[in-house]
Ligand SMILES: [Zn+2]
């Protein structure tokens, strides 16, 4: 059993030369109905007995389809119920229950927290992990890291793994039938990828999530990610709103899941994610908004910070698909200076903030948050907030 904490920076960081490193899952499979072929795909892993981790809701839906598909290929399975929090407590409980079950692979089926918990459990048991996301709201499925929470749901750590998921299987039929708000939040998370990767590449001291330099390959992927969202994002959200899975949905799901997943991990994060995570320090924001919604706000502040001409374009795109673009849409206010200070201090303390190519100070962060807020208010008065209000009311 793996009990050591793996630290990628110890492997890749060298005083004299920092290599370029790209991290990616071994295989990525996306399409409508692919969930029913999981049994066939895991023959690639020679698996004979798999643990299927999902919430009790997930077991009644996608989990049952996967187990049926495993049965057809004579792979036995054990049902493992995820209790909703990616916490050490939950992970240790599942490891205890599985360690005498002789499983040779773990299939994590669900949203970001279930996927991240699955990666942590599989690492401890020394098993390959197969990820089957049921939402396209985040870029957890492809990465070799897990965001850890306390049992109360407060983000408190990140765990890194030496291996990426062995297989990522994304059924676009499943993700297209989830709420439109999830796909749109995924676009907010994915839109940051290109701008953050560019910041890390421009700053010679910029580092990706394994402490290495970004490759040109993942920077190119980040650019494709942004273009895909600008060109197809609105079309895809309109399709998902009526439960239709078409080419625009396929493109945006790939941008949200594969491209953004490789892009953030291999390209590196910067101000957009530093500020997004800092917003979770405000309880009312943490409890009511999705990660990708906070990243949209972080991305606007990031673009204002670097005086990027894309700031207005991004704000207009976010307004049209229904992402928050000003403090009022996060139920915050610029008058509550103490809240802005909490976000500023937390963002300043985040290591990834200093991947930006300029010297970042608390004053610059505060000015960027408030500048993004003013830009967002101006764009909202032009374009309106119909999409945002509709998604929040769902
Ligand atoms: Zn993210």
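Using the three backbone atoms N, Cα and C, a Cβ is placed for every residue, glycine included.
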Site-mate of 139, 189, 291 for glycerol in TrEMBL, selected among 273, 281, 302: 273
Binding-site residues near ligand 1 among 112, 114, 116, 145 (Cβ under 6 Å): none
Max CA-CA distance, Å, over listed glycerol-binding residues 139, 189, 273, 291: 12
Rounded to the nearest Å - Cα separation of residue 114 (NAD(+) binding site) and residue 139 (glycerol binding site): 13
Alpha-carbon distance [residue 137 (NAD(+) binding site); residue 291 (glycerol binding site)] in Å: 8
Of the binding-site residues listed as 112, 116, 145, the one whose CA lies nearest the CA of residue 139 (glycerol binding site): 112
Collapsed DSSP category at residue 145 (NAD(+) binding site): strand
